[in-house]
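Copied over from TrEMBL, here are the features:
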- 24-44: transmembrane segment (TRANSMEM)
- 59-79: transmembrane segment (TRANSMEM)
- 86-110: transmembrane segment (TRANSMEM)
- 122-148: transmembrane segment (TRANSMEM)
- 160-179: transmembrane segment (TRANSMEM)
- 230-248: transmembrane segment (TRANSMEM)
- 260-279: transmembrane segment (TRANSMEM)
- 291-312: transmembrane segment (TRANSMEM)
């Protein structure tokens, strides 16, 4: 009995997810295959490019594209107005993501860097194509973020988590543009590269395993990464609150959940600003200076105090004002197309 029920349930869930936005979900499925191939290459291919394993970038971008495509498809499914336009925006985004992946993987396998490489006319053309596709994906994300402002998304906490995640994600994506300006060293000694991830040192130095983030200087990929993944982290944080509400009495209040999501949103923006500031100062994520440490501690203390205040206020409320433990039903994702 169990053996037959589980596959059926999985197929049903997969069909529902696919209906969110078929082009984006098809891309997500393709990136699963690419992830397997890139992981195999990462493990068995000893070649390196700019000091990192050749397959590291394809692996990271395959995983990142999977997460983004699934999340963006889900967000589009929540829109109740302009569904045809939303489908078009999602499709354009899927095409842009495909172009970016093809350029990255193709050049990487050929032993050439993709980002910032203008050393030859061909490399410059590929970088221009990829940069354009990235800009298109960003505009699509911005359009959907604004569209979510008018979509019915459930109770206030859920609405705030989804909308804040979308807008902070757009900010995180935009931070990538900080990497495209030439560094002082590149201006002084042009070598066919314009732009860099690292701040204060050339790209390709010591970095964290797989992530590659510099351990000796600032790295703008960090705020870019953290900002982008607000798309997933804030809604997942809200989901955790809703699940905990079944056991933690104060969280049963919709007002408490809304206030906690608001605190998380402000804290997320503050952390994003701190990481950007740290990177632009040429400071490694693993070696914060005293100023960064003090600001981080102050932020942690402020967030902790705000959370404690919200929970204490709820505990002092009369029991008669308590709200249902189960939040209002989530909006049902709808297929677009």
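Glycine is no exception: its Cβ is also placed from the backbone N, Cα and C atoms.
All annotation found in TrEMBL is predicted automatically rather than curated by experts.
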Spatial neighbours of the transmembrane segment (86-110) far in sequence, C-beta under 8 Å, 6+ residues away: 21, 23-24, 26-27, 31, 34, 38, 49, 54-55, 57-58, 61-62, 65, 68-69, 72-73, 76, 79, 117, 123, 126, 129-130, 133-134, 136-137, 140-141, 143-144, 147, 336-337
Residue numbers, six or more beyond the limits of the transmembrane segment (160-179), whose CB comes under 8 Å of its CB atoms: 75, 78, 115-116, 134, 137-138, 141-142, 144-145, 148-149, 153, 195-197, 220-221, 223-235, 237-238, 258, 261-262, 264-265, 268-269, 272, 276, 280
Residue numbers, six or more beyond the limits of the transmembrane segment (260-279), whose CB comes under 8 Å of its CB atoms: 157, 160-161, 164, 168, 171-172, 175, 178, 199, 218-220, 222-223, 226-227, 230, 233-234, 237-238, 241, 251, 285, 288, 292, 295-296, 299, 303, 306-307, 310
